[in-house]
Every structure is written in structure tokens, then in C-alpha cells.
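Notes to accompany the following structure.
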């Protein structure tokens, strides 16, 4: 047992690792060192680069720059197969199981055993499965059951069993506890402890600091694609880790004092339960004309689902929405739009824009029918509308007939804003309005949103960037597990306070 | 401002020489291929570029062109309609039954038959569209079912017999030529023009392209996606009904076994014409070119003395080449 001797050569060393996607620097110089037989936690805000690092280590992404040493030798990941052969196993956040195949088949899927004659060796497959399931405390379950018959926690355990069966050197667990109950979590951490006792190193990615502090040896903090620090758990505190995650930098998103007065409540929700919310408790918020309500929270806290429920993009499971104090019942986005709501979605490419179509066509996508009530389109009218918004928002483009795909992220987002504003909404829902947008365009978008607020538009903004929320919002509601965990007024905004609510530590 | 310079790092890429190649592929590619074919066959066979043979080609491609126009709408929204050949037969025998009724004037009979043929096609198309859009099922399967239903219905209604002796004025209409161009082809050409206007200058057309590209974005922009999807299938059905009427006017019969495998040529014309099977990209003018390429190939290869089996093989090859070209076209437009 030399896990506690720092002198041992590290199992994995990552130095200056970079991964750029076009102009987006997902990893911008990451350092990480994992010792043999340690449980190493990796934490950071949404988008800090944790998932990207895992994807590089497991061969899903090819790194842009940097060096990786594994077991004392240089290691160039590039194919998932290479990482597996080197002994890096990963349990991904989302499941990678084949739903219609049996547990046994899933566990052996990476290297199916064959008989002398080349047929599937089912006996061997079953034996392997029984052994692997034993490791995760699922010994009693039939290996012949199809994956689709299992509950979500059992699926997770099968996934872990699959990762554990081959003797790996490094086991990566990406948010493994999100779907587990308390008892199942205890079971999981027992498995982690056993793996550690066998000398396996574990990289544990988590949003839950209590788990990190209870079960890990060291913790590395990522921020904006860089390593901030690596600390011994024994020598640090949750508060210090949160401070590292947030960073001490004062962002240039200066908070401006609001010059206009707020109007009456335009939109409110009463115990609104989104379709993904199984807690039985909904969300109640209200937003006034000219007010910006920020919604903070971690990925998976149910923020996007809440906005979609308001907009009736998904049918809510319960609760009501009121506009101007009267209950409304939307049967789909059309009704919400007719009531004066706009929805800038999180994913520009999948939900916001039609990339192959022109800037003009995208700008008129929402008000197309009111622009051309007879059904005949006039290219000129459409181009004029796009040009008007282009001027207003300082859009950098060639012609209004160019494909939206030709624009940069920030300018694409301006087109999305244009298409909603063309319909003169009274309420605007915005989900991560500056994701994938460069700094210059970001400030231009902030300016647009502030102007809209001054004109009396009510806004609900979901964002994972706390400086952004704090700069824009009049009030911030923090969501955790589909609930409002806490609400902060403008004069009490602080990142630490928001994160405490988000991590559910305030109770 | 330092930020203004790097706002659109990938924009120039689209404007460089890649655009020219893409432009050639998208706009000249099909027309160029057709031109090369015509020149090749003109050299290879002295009979090819004669007035009589050109009339022949136009007659031969008319039915496929009408079906392919409707198919363009369905493929543009990201669907497929395998039932058009059978629907043609069904609409044909329904119209044939109506047009051979006794006790009405020729004019009345023809009007009723046109309405019956179109109506039958529209109803089949509506069923295809409603079922696949309402339950979100793949139109491939639903229209495969309709292929069998409509064929069975055609055989049942016609009692498995060919229907003939239509009113004289109807039979005569189908053989009218204007300067050597069959009137049925001119009508098909007019249909292409109407479809082109609908696809490019109406809200309906915009929605067809929008849904094919990004259905969720269109839905979240507040549009009734189902209406447009069903509409595209109804148009495809109406075209099958029109094709049935053209078939009757040309051959003076309606047969319950007409149109077998016609859907394949219609799909081929659309794909060769550069419309993406994934939806959202393409044009009905391309479809016109595609129908011509299939027709010219068939005619020219037989004039060269190749048998029909060889012709079929070469047509198949052209379809595969068209899809490979489409693959590169898609890559050029996304990078």
C-alpha cells in the first residue's frame, strides 16, 4: 500500500493540455496529476472543461496541444480502443448501454468471448457477467435480463460493472451519483473504496462537494478550461474550493444601476412543474415589466425545463402560468407566442436557427405569417426587416441572403434575438443567451437586453455564468433539483451565496 | 476595437474558392450532366436528335415528372412516399369508373372524373400525412402500407379488369400536340412552374424547407408543423391523381396494374435532381432536370442498341452517383 507515499511516480500526468473547437477554447492549458491508488476529484463550474478532459483521455476528442504521460510513458489518445487497452475505463454521465440486449451481452460487448468454432461463448459471457455484477453488489440479478427492464440506478451499476470487469488502472466516474438514491450512493462509494484498495486510481467528477470531501484524497479545480489548483482534501475546505471555482477575478461585466422603474407583474408561475420534474414540487416566480429575473443553478437543476414549461415547448406536468394576473393555458409554442412570449433557446443550432437558410428567412421565422398575411412572400420586405435589425444590433454580415451558418456565434445569436423581437414580445425567456459567443458580442448582447428592459420587456434569463447573471438581473432565483433553493436581491448578489444554494448546502 | 476583427472567424471560408465549387455543384451540375448526355447521344445515334424522337422523350417522361413534382415536396420535408405508383392506379380506376358512367354528357363525365381522380389521390396523401405526422412514424413504413392498400383497392374497384372506351373528346385531348410538344408534357411543365412558385414565394414553401432543415426550430417559432407535413403529402397525392389522369388521356385505358414501381423513378428523379433525401435542400427545377436525365438515358441507351436490362443497370448507377455527389454537396454547405 503505497497510495499515501507522494514519492511514487504518478499514474497519469497531463501537462498543458489544450482542446480548441474552432474559436472556443474548451481546454486552454490543463494540468492534472493522478497518483496510483488515489481517489482524485475533479470539480469546476459548468463549462469549465471537465467533460472535455474526459473525452480527450478516453479517445473521443483528439487534443489540440499538450502532453499526457500514462504509466511513465507518453500517451497519445485518439481512439477509444487505445485508451481501453491502456487501462482507462470510464463511466459516462449518459448511458452507453444497448437497451435491447441482455446484461451479460452488455458487459461483454467490448470483447465478446468466442468458442473454438467462432460462435458466441454464452457460458463464458454469463460467468463474466456474474463476476462483474458481484463487484457492484448486484449478485442476485439474472444476467439474461434485457437492459430495458432495469431501473435507472441499476443501469448505472451495470455500466460501472462493465467498467470494473477489465482490470483497469484508471477508472473515471463522470457524475456517477446524479441518478442514485442514498443507499445506492453508499454502495457506489464502497465499490470505489474497493477499487482503490486494489490499487486502481479513480478520477471522480462531481458537482457534489459533500461527496468529494467524504470520499476523495485530492481535488483539482478547473475554471474556464484551465487548472486553478490541486489540493489535498485534508488541507482544504468546501468554501476554499468554491472560491477557486468562482475565481477572484472581478469580471468587466460592470453592474449598471437600473434607471427605469418596474411595471406591474406581467408573467408569473404558480407551482409550475416541468415534464422532467419528478419531485412533485414546482416553481413559482414572477417577473415585472422591465425586470430581469436571473435563474442560476447547476446543469440538471431543471432550469431549461422550467423555461420550456412556461413556453409550452413541453407540456407541463402541473401548475399554472399567469399573464397580467389571469391564468393562461398554452397548448404549444404558438399560444405562448400569441400571448407575447419569446424564447431564445439554449441550443442555437438545434432549436434557434435554421443554419442553411438565409439571415432574412431566419429573422422572419417567428412573424412570417403576420409579415405576409396572404401567404405570398416578398423578398424585399423580408430583407428590409433583416437589415433593420442588422443595423440596430450591429450585425456583422455580408448580405441578408447569406446563410445563417456564415455568421459567427455572437452574430447568430443576434439573429435569434431579432427574430423574437420582430414579433414585439412582452416577455422574453432566454436560455444561456451568450453561450459560445465571443466577448465583444457578449457585451453587445448585454446592451440589447438592458435596452429591452428599459423599454418595458420582462425577461427571465437562465445562465451558468454567474458574472453575467449578476450584471444583468434585478433578482436571481437559484434552482436546485427542480426547486427554487433560494432567491437573492440585487444588493445581496454574491457568487458564494449563489453556489451555496445551487449545491444545496444552504439547508 | 480589438473585438470587431475576430467576430466571424469562419465567414471568409465560405466565400473563398469553396463557394465556387459548391456553386457549380449546386446550380450547373445537373444541367451540365444533362447537356453532356444529350451531346453524347446525338453523336452516338443519328436518330436521337430528331423531332420525332424528342416528342417521344417528352411523352415518356411526362407521368414520371408529375409524380416527381409531388415527391419533391415530401422529400423536402424529410419524408418519402412509396405509394404514388399504387395511388396512380387507384385514382385511375376510380376516375375510369366515373368517366364510363352512362347518362351524363361528356363534359360532365370528364369534370367528374378529374375531380374523382384528384380527390382519390388527395385522400390517399392525406392519410399518409396524417398517420405519419400524428404518431411521428416514419413515412417510409406508412406509405409502404399505403402502397399495398391502394393497389388492393384499385384491383378491387376495377374487379381486376382494365377500364376503357372513354369519351372521345377525352381521348382526343391526350394526343394533342403543340408544335410537336405533347400537351400533357406542357401541363406537367406548368405544374413544375406552379410548384416552383409555391416553394419559393409562399409561406407554405418556406415552411416546407424550414421543416426539412430543422423541424424543432420551426415548431418553437410557433408554426403548426403537422399542417405543413400533411400538406406536403396531400400535394404528393394530388400529383399522383393528376398523373393517373395523364395516364388515362395518353393510353385511353385505366388499369389496376398501372404504375407498378413508378415511385422508384419518381424518387430517382428527385434525388438525381439534387434534392437531399435528408430534407430541407433541393429544388423542383432540379427535379425537372432529374426526370429529363432518366428519360434521356432510357431513350438514348435503347437507340444505341442496349437492351432494357442494361438501361436499368445504368440508371441505377446514375442514382448512386447522384447520391455521392449530394454527399459532397452537403459537406460543402456545412463546412
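Glycine too: its Cβ is placed from the backbone N, Cα and C atoms.
What TrEMBL says about a protein is an automatic prediction, not a curated fact.
As recorded in TrEMBL:
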type     : residues  : note
TRANSMEM : B:24-45   : transmembrane segment
TRANSMEM : B:57-77   : transmembrane segment
TRANSMEM : B:84-104  : transmembrane segment
TRANSMEM : B:110-130 : transmembrane segment
TRANSMEM : B:137-158 : transmembrane segment
TRANSMEM : B:178-204 : transmembrane segment
TRANSMEM : B:225-247 : transmembrane segment
TRANSMEM : B:253-272 : transmembrane segment
TRANSMEM : B:284-303 : transmembrane segment
TRANSMEM : B:309-328 : transmembrane segment
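With a threshold of 8 Å between CB atoms, the same-chain residues lying at least 6 positions outside the transmembrane segment (B:225-247) that come near it are 62-63, 66-67, 69-71, 73-74, 76-77, 79, 81, 83-84, 87-92, 95, 113-114, 117-126, 128-130, 132-134, 139, 174, 184, 187-188, 191, 204, 207-208, 211, 215, 218-219, 254, 258-259, 262. Long-range Cβ contacts of the transmembrane segment (B:178-204) within its own chain (Cβ-Cβ under 8 Å, at least 6 residues beyond either end) map to 51, 54-55, 58-59, 61-62, 65-66, 69, 72-73, 76, 228, 231, 239, 242, 246, 249-250, 283-285, 287-288. By the Cβ criterion (distance under 8 Å, sequence gap of 6 or more), the transmembrane segment (B:309-328) is counted as touching the transmembrane segment (B:253-272), at least 3 such pairs being found.
Under 8 Å from some Cβ of the transmembrane segment (B:84-104) lie the Cβ atoms of residues 63, 67, 70-71, 110, 112-114, 116-118, 120-121, 124-125, 146-151, 153-154, 157-158, 163, 165-167, 170, 236-237, 239-241, 243-245, 247-248, 253-263, 266, all in the same chain and six or more residues away from its ends. Non-local neighbours of the transmembrane segment (B:284-303) in the same chain are 30-31, 33-34, 37-38, 40-41, 44-45, 47-48, 53, 56-57, 60-61, 64-65, 68-69, 71-72, 189, 192, 195-196, 199, 265, 268-275, 310-311, 314-315, 318, 322; each lies 6+ residues outside the stretch with a CB under 8 Å from one of its CB atoms.
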